[in-house]
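Engineer: Below: one structure in C-alpha cells.
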Amino acid sequence: MKTLSKVMGGHVLLTLFTLSMLCSGVRAQLSPDIYAKSCPNLVQIVRKQVMIALKAEIRMAASLIRLHFHDCFVNGCDASILLDGSDSEKLAIPNVNSARGFEVIDTIKAAVENACPGVVSCADILTLAARDSVFLSGGPQWRVALGRKDGLVANQSSANNLPSPFEPLDAIIAKFLAVGLNVTDVVSLSGAHTFGQAKCAVFSNRLFNFTGAGTPDATLETVLLSDLRTVCPAGGNGNQTAPLDRNSTDAFDNNYFKNLLQGKGLLSSDQILFSSDLAVNTTKRLVEAYSQSQYLFFRDFTCSMIRMGGITNLVNGSSGEVRKNCRVINN
C-alpha cells in the first residue's frame, strides 16, 4: 500500500528507558512484559492484523485510535465500548453510526485467541491496536503496558458525556481532568486529528450560522470555509466526510497544529485550542510549540497515550475478565 509504505519511514522510536524518564502516572500493575511467557508473540500478531486492516483501508488507523479514546474515557480502558447490547456504548450519541473498527478488533482477537486462548484481554488488544495505528501511519512507537481486564458492563450514559466537538474549551479540559489527564494531554491527544475523517454533521455548524446571526465561524480560514461549504452544503448529507488534516490526511505528523495557526482546524474543538480566549493562558503555547517541533509533539503524545492507557479500574486481581468474544461477557 503506497500511503502506508511512504509514511513508515518517518516514525520515531521512543525506548522504554526514555519513556520512564519522560512519563508519569502509569499504573504499576501494568507491565509491557506481562504476556512474555503466556503469549510471547502477542505484539507481532496484533501488528500483523493492524497492517492488514490498514492496507485494506488506511482510514482505519484513525478509527482504531478513536475506539481506544472512547473506551478509556468511559469506565477506564476496559473494552466496554466493544460490548453489544441495549446499554451498549456503541449506541451512545458520540458513537452511533460513527465509531468503527469493531470488526478489525474481532479479527485481531480471533488471531490472538488462536495463538493464546483465554490469555489476552480485549482491552489490551485495543490498546496495542491503537499504538500500532499511530506507528504504522508514521508516528512514534512505544512499549505498551499490559495487564488490563475486560469490564463486565457498558455505560451508555457516560459515553453520552464524552468530550464533544461542540463544547467550549473549559468543558473539554474539565472532562480530561475528571479522568486524571491534564491540559497537556488535551492538546497532545487532540493531535490524533492529524489523520482520519469527520462527518459534516460535527462541523457544519461552523459553516453557515455559527453565531446564530447567519454568519460562519470567524476563526475558520476563508478558502477552507468555501471548500467545506461545497462538501457540506446547507441541508446536505450530514454523513459526508472531510479530512481532519487536508495537508497529510493519512499520515501521523504535526501538520494538525500548523493548520490551527492558519485557522484550518476542521472541528470547533480543534480550532479553540489556538483561537479561543481561554487558549491564551492554557493551550495556545502548546499548539505553537507542537507546530514547530514534531519531536516534541511525538514525545508528549506518547506520554499522554501511556497515561490515558492507565485509566482503568480493572487490573490483575480485581473484578473483570478476559473475554473470549470482545462483544459479549463470558458465560
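Each Cβ is built from the backbone N, Cα and C atoms, and glycine gets one as well.
Heads up, TrEMBL stuff is auto-annotated, nobody curated it.
Marked as signal peptide by TrEMBL: 1-28. Taken from TrEMBL, the feature domain 'Plant heme peroxidase family profile' covers 29-330. Taken from TrEMBL, the feature disulfide bond applies to C39-C116, C72-C77, C122-C326, C200-C232. Residues annotated as site 'Transition state stabilizer' in TrEMBL: R66. Sequence annotations record features per position, and here TrEMBL assigns active site, proton acceptor to H70. The Ca(2+) 1 binding site feature in TrEMBL is assigned to D71, V74, G76, D78, S80, E89. Per TrEMBL, substrate binding site is recorded for P163. What TrEMBL records for H193 is heme b binding site. Summarising the annotation, TrEMBL assigns Ca(2+) 2 binding site to T194, D245, D253.
Looking at the shown structure, can you explain where the listed features end up?
Structural biologist: Here the domain 'Plant heme peroxidase family profile' (29-330) has a mean pLDDT of 95 out of 100.
The Cβ of C116 (disulfide bond) has 16 other Cβ atoms within 10 Å, all protein chains considered.
Packing around R66 (site 'Transition state stabilizer') is summarised by its Cβ count: 22 other Cβ atoms lie within 10 angstroms of its Cβ, all protein chains included.
The Cβ of H70 (active site, proton acceptor) lies under 8 Å from the Cβ of I81, E89, P94, N95, A99, A159, L162, each of these being in the same chain and 6 or more residues away along the sequence.
All protein chains included, C77 (disulfide bond) registers 31 other Cβ atoms within 10 Å of its own Cβ.
There are 30 other CB atoms within 10 A of the CB of C122 (disulfide bond), with all protein chains counted.
Shown in sequence order, F73, A171, I172, K175, F176, S269 are the residues of the chain, 6+ apart in sequence, with a C-beta less than 8 angstroms from the C-beta of P163 (substrate binding site).
In sequence order, L244, D245, Y256, L266, L267, D270 are the residues near H193 (heme b binding site), counting only same-chain partners six or more apart with C-beta under 8 A.
In sequence order, C200, F203, S204, L207, G238, Q240, A242 constitute the residues six or more apart from C232 (disulfide bond) in its chain with CB-CB distances below 8 Å.
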Engineer: Starting from the Ca(2+) 2 site formed by T194, D245, D253, give every other residue of that chain whose CB sits within 8 Å of the mean position of their CB atoms, in sequence order.
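Structural biologist: Same chain, not in T194, D245, D253, Cβ within 8 Å: G191, H193, F195, L244, N247, S248, A251, F252, N254, N255, Y256.
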Engineer: Applying a 10 Å Cβ distance cut-off over all chains shown, what neighbour count does C326 (disulfide bond) have?
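Structural biologist: Total other Cβ atoms inside 10 Å, all chains included: 22.
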Engineer: If you measure from the CA of D78 (Ca(2+) 1 binding site) out to 10 Å, which recorded positions from the list R66, C72, C116, C122, D253 are inside that radius?
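Structural biologist: Correct set: C72, C122.
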Engineer: Quick one: which residues besides D71, V74, G76, D78, S80, E89 have a Cβ within 8 Å of the Ca(2+) 1 site's Cβ centroid, in sequence order?
Structural biologist: H70, C72, F73, N75, C77, A79, I81, G151, A154, N155, A159
Engineer: With Cβ-Cβ distance below 8 Å and at least 6 positions apart along the chain, what are the contacts of C39 (disulfide bond)? List them in sequence order.
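Structural biologist: Expected: V112, A115, C116, V119, V120.
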Engineer: Roughly how many angstrom lie between the C-alpha atoms of V74 (Ca(2+) 1 binding site) and D253 (Ca(2+) 2 binding site)?
Structural biologist: 27
